[in-house]
C-alpha cells in the first residue's frame with residue numbers, strides 16, 4: 001500500500017469520508033471512523049486511479065456490510081457491547097500493520113505520542129458509543145433500514161462543522177441537510193405505530209461517527225495518519241470493553257462456529273477499513289462519494305438473502321432523499337476545493 005501524499009489541513013466535509021468505518025452501509029461509515037483514518041484528498045484527475053479507487057471502495061463497503069450482517073446474526077447470542085469490543089480488538093491488527101508499514105511514520109522516527117492525544121482518545125470514545133448504538137439498532141430493526149439511517153452521518157458532519165468548527169456552510173449544503181433529514185423523517189415515520197425510541201439508535205450512531213469526524217481536523221495535522229488511527233482504535237476498544245463489563249461481562253463461546261463468526265467480523269472489518277483507506281489514497285472523497293451509496297444496495301440484498309427482510313416500502317422516498325443530500329454535499333465540497341496547480 002502506498003503512503004499518503006503530503007498532508008494538508010483537512011476540510012470537515014472531506015474528513016468525514018476519510019475518517020468515517022463501520023458503515024456507510026451501516027457498516028461502512030462506522031468502519032473508517034473506527035480506523036480514525038485521515039486520508040489526504042487531493043484531486044487526482046487520471047481515470048486509472050479513480051477507477052481502481054472506486055473498485056477498491058466498493059469492495060471495502062461490501063466487506064463492511066458483510067460485517068454488519070454477521071454482527072446482526074451474532075446478536076442472538078452476544079451483547080452489542082461485547083461484539084463492539086471484539087470488533088475493536090481484532091481491528092487493532094490491521095491498524096498496527098498499516099502503522100508499521102508506513103514510511104511516513106518511520107521517516108519521522110517512529111513517534112508514538114500525539115500533542116493532542118486527549119482529543120484523539122475522545123474521538124475513539126465517540127466511535128465506541130456510536131458502535132454500541134448501531135449494533136443495538138441491528139438487534140431491533142431491519143438490517144437495511146438501520147444501515148440506511150446511518151447514512152445521515154454526512155448531514156450531521158456538515159451541521160456540526162458549521163456550528164462547532166465555524167466552517168463556512170453555504171445555502172446549498174444547508175438545504176441538502178434539511179432535505180436529508182426530511183428523508184430520515186420519512187423513514188422513521190414519527191407517530192406511526194412502528195416507531196419506538198429504538199428507531200433513533202441509528203441516528204445516535206450517525207451522530208457519534210460525525211462527532212468523531214469533526215474532531216479530526218483538531219488533532220495534530222502533522223501526525224502520521226496510521227498513528228492517529230491507532231489512538232482512535234485503542235480508545236474505542238477501551239470504551240467498548242468498559243461498556244461490555246458494565247453490561248454483565250463477556251459470554252463464553254459454545255461452538256467453534258461462534259469463534260469463526262467473531263473472527264470473520266474482525267477480518268471483514270479489518271480488510272474493509274484497509275480497502276477504504278487505500279481507495280481514498282487513490283482518489284478524492286468527492287470523486288468517490290457516489291460509490292459509497294452502494295452500501296444501501298448491499299444492505300438491501302444482504303437483508304433479503306440472510307434475514308428475509310424487504311423493507312422497501314419504509315425506505316422510499318426517504319432513502320433517495322438521503323442519497324441526494326449526501327451527493328449534493330459532496331458536489332459542493334468538490335466545487336469549493338482549490339484546483340491543483
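Glycine is treated like the rest: Cβ placed from N, Cα and C.
TrEMBL annotations: computationally assigned, not manually curated.
According to TrEMBL, the feature compositional bias 'Low complexity' maps to 1-13.
Residues or ranges marked as domain 'EamA' by TrEMBL: 54-188. Secondary structure counts, DSSP: the domain 'EamA' (54-188) has 108 helix, 0 strand, 27 coil.
Per TrEMBL, region 'Disordered' is recorded for 1-23.
Taken from TrEMBL, the feature transmembrane segment applies to 50-71 (among others).
Summarising the annotation, TrEMBL assigns transmembrane segment to 83-100 (among others).
Residues 22-23, 26, 30, 33-34, 36, 68, 71-72, 75, 80-81, 83-84, 87-88, 114, 146, 149-150, 198, 201-202, 204-209, 211-212, 215-216, 219, 228, 231-240, 243 of the same chain lie 6 or more positions beyond the ends of the transmembrane segment (120-138) yet place their CB under 8 Å from a CB of it. Summarising the annotation, TrEMBL assigns transmembrane segment to 120-138 (among others).
Under the heading transmembrane segment, TrEMBL lists 144-165 (among others).
Taken from TrEMBL, the feature transmembrane segment covers 172-189 (among others). If one looks beyond the transmembrane segment (172-189) by at least 6 residues along the same chain, the residues whose Cβ comes under 8 Å of a Cβ in the stretch are 13, 145, 148-149, 152, 154-155, 158-159, 162, 195, 199-200, 203, 314-315, 317-322, 324-326, 328-329, 332.
As annotated by TrEMBL, transmembrane segment applies to 195-219 (among others).
Same-chain residues lying 6+ beyond the ends of the transmembrane segment (231-253) with a Cβ under 8 Å from its Cβ atoms: 33-36, 77-79, 81-82, 84-85, 87-89, 91-92, 95, 114, 117, 120-125, 127-129, 131-132, 212, 259, 262. Here TrEMBL flags 231-253 (among others) as transmembrane segment.
As annotated by TrEMBL, transmembrane segment applies to 259-279 (among others).
TrEMBL lists 291-308 (among others) with the feature transmembrane segment.
Per TrEMBL, transmembrane segment is recorded for 314-331 (among others). When Cβ-Cβ distances below 8 Å are used as the criterion, the transmembrane segment (314-331) is approached by residues 13, 17, 142, 144-145, 148, 151-152, 154-155, 158, 172-173, 175-177, 179-180, 182-187, 189, 285-286, 289-290, 292-293, 296, 300 of the same chain, each at least six residues removed from its ends.
Note on the domain 'EamA' (54-188): mean pLDDT across this stretch is 90.
Long-range Cβ contacts of the transmembrane segment (83-100) within its own chain (Cβ-Cβ under 8 Å, at least 6 residues beyond either end) map to 1, 22, 34-35, 67, 71, 74-75, 128, 131-132, 135, 224, 226-227, 229-230, 233-234, 236-237, 240-241, 243-244, 250, 262-263, 265-267, 269-271, 273-274, 277.
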